[in-house]
Ligand SMILES: Nc1ncnc2c1ncn2[C@@H]1O[C@H](COP(=O)(O)OP(=O)(O)OP(=O)(O)O)[C@@H](O)[C@H]1O
């Protein structure tokens with residue numbers, strides 16, 4: 001039986017997404033791929049720093065390939081020189097050589113595995129860090145428009161699959177090629193006529209292997225699609241929300257039927273896939289017997305003619321497996337090469353996204369500005385390619401034309417002029433979708449405006465380094481995020497050197513110290529994603545404490561909308577009073593008390609500033625503000641009064 005280990009023919013080899021996941025994934029990637037030299041060349045560049053290892057690996061493979069054919073040659077010598085001439089000393093000599101060579105090729109194999117893994121792991125580590133670095137430079141908008149799972153998968157799974165690019169594709173290519181070269185060299189030097197006979201059988205191996213490889217690959221793609229369909233159905237229907245929806249709408253029967261259909265299709269595909277491999281096995285078995293049979297017949301005749309010794313035929317049959325195995329593997333190599341190209345295409349797809357916000361060069365000390373903010377003729381768009389339409393054009397459908405796709409609004413902000421003096425509190429109000437959050441996000445340069453400019457203390461924000469700019473301001477988002485870490489470590493994000501006393505002082509000012517002190521491990525309690533759950537009001541006060549610890553001159557605040565009981569509301573108001581005191585503040589305000597305390601209120605509508613004034617002025621002069629006051633702030637305030 002020949003060496004077909006590289007052929008991946010096992011019935012269940014690719015059917016399960018569990019074991020051998022990498023190979024399964026590589027095949028999927030190769031599905032719709034075409035060879036792209038530019039990507040391949042670019043991918044190879046990552047190996048340049050490791051060229052000394054690459055050269056050593058190639059030498060090792062070369063030595064191992066020649067070492068691999070020597071046993072066949074020694075066998076010939078044992079039979080034709082040792083046994084035929086009845087020389088025991090020659091037999092012992094050649095046998096010892098045989099043993100030494102197998103030890104040496106074994107050691108070379110270990111060296112080759114070690115070096116190729118060293119190269120692969122180094123290249124992987126390089127890619128991981130450069131991808132992570134690149135992602136750190138991206139804007140928040142970049143993450144908003146992509147699935148976190150997909151990005152994680154590129155940094156982890158795709159990069160991990162580089163391992164097989166090195167060990168299967170590159171090393172496989174070189175070693176198979178050298179094995180074939182070494183084998184052919186020995187065959188032709190022993191007997192060219194027998195060598196030609198051995199090569200004649202080759203197409204019988206290579207052609208079906210390629211064809212079967214292709215159809216298995218196609219089936220594998222289909223299996224994978226059905227598996228992922230099943231996984232989606234399972235995760236949706238077995239999750240709490242999905243389970244609830246299915247029961248409410250009495251969909252159990254339909255769900256079962258859908259699952260049954262996928263299940264049956266999958267079963268049929270897997271059976272077909274297993275059979276494709278079996279037919280090939282039968283064919284290969286047949287050919288692996290035909291090769292030696294022809295050799296024995298023709299070789300036997302040559303022996304009878306006295307042209308060659310018996311040892312040559314024995315050596316040739318041993319060499320056949322070293323020829324057919326690598327040839328079949330080379331015939332399949334295009335799958336690995338295409339998957340590698342697909343893999344690098346995905347990795348480069350991320351690397352090639354230029355960060356939307358370019359870093360400036362000017363540095364200033366942390367918290368060193370006075371806090372003057374100016375926006376001049378600022379316009380911003382999430383859809384730069386959309387038609388020039390009014391900002392609200394996307395929301396209303398054209399009259400009577402409900403089938404038409406609504407046009408996307410080009411401008412989320414249009415011609416915003418706004419000046420905020422140091423120490424001033426400005427409340428942003430307006431209906432949902434007016435552009436308040438968009439405006440707030442422009443100040444720390446989470447995005448840049450398409451037109452106009454923003455200044456802090458007279459400096460264009462684009463000239464400052466992002467680090468210097470962001471070190472001047474603190475942000476309290478509507479739903480603050482905390483890492484899965486202790487309260488203390490989450491607070492120290494704002495100031496690495498903060499002492500416990502400083503943290504406690506900030507938390508006291510933010511009205512959250514008592515709550516933290518009462519946690520199981522106080523400031524060392526783990527909060528965040530899966531840690532101790534803080535309530536919405538607690539999270540906001542902890543976020544306020546974090547900004548207080550940072551002590552910036554500029555505060556950006558997106559006030560929580562949720563109604564809270566009076567005690568908590570009081571605490572938040574007190575925390576806010578400390579936060580806003582003596583700082584420039586831009587607040588997306590949802591609470592009347594905050595609005596009333598503001599130095600000026602900016603009313604936004606459809607991406608523009610509709611009015612600016614105090615509460616008293618605006619209630620009189622601005623119908624939109626009056627409406628907001630009556631429908632939102634006023635009622636909410638009334639509820640609180642009742643509470
Ligand atoms: N990441 C985004 N991609 C595309 N469009 C966006 C994005 N974020 C916001 N928008 C759109 O920009 C407009 C302004 O949104 P923005 O979030 O600034 O409004 P808002 O006044 O803060 O609303 P709310 O009070 O409901 O939070 C909306 O039409 C919104 O759909």
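Heads up, the Cβ atoms here are built off N, Cα and C, so glycines get one too.
Residues 180-207 are the range that TrEMBL records as transmembrane segment, among 152-179, 180-207, 208-235, 236-263.
Feature transmembrane segment, per TrEMBL, maps to range 279-298 of the set 279-298, 299-318, 319-338. Within the set 85-107, 108-130, 361-383, 384-406, the record from TrEMBL flags 384-406 under the feature region 'Disordered'. TrEMBL assigns the feature region 'Disordered' to residues 1-23, out of the candidate ranges 1-23, 24-46.
The stretch from 50-74, 94-115, 279-298 that makes the most Cβ contacts under 8 Å with the transmembrane segment (180-207) is 279-298. The domain 'ABC transporter' (373-631) scores a mean pLDDT of 85 in the predicted structure.
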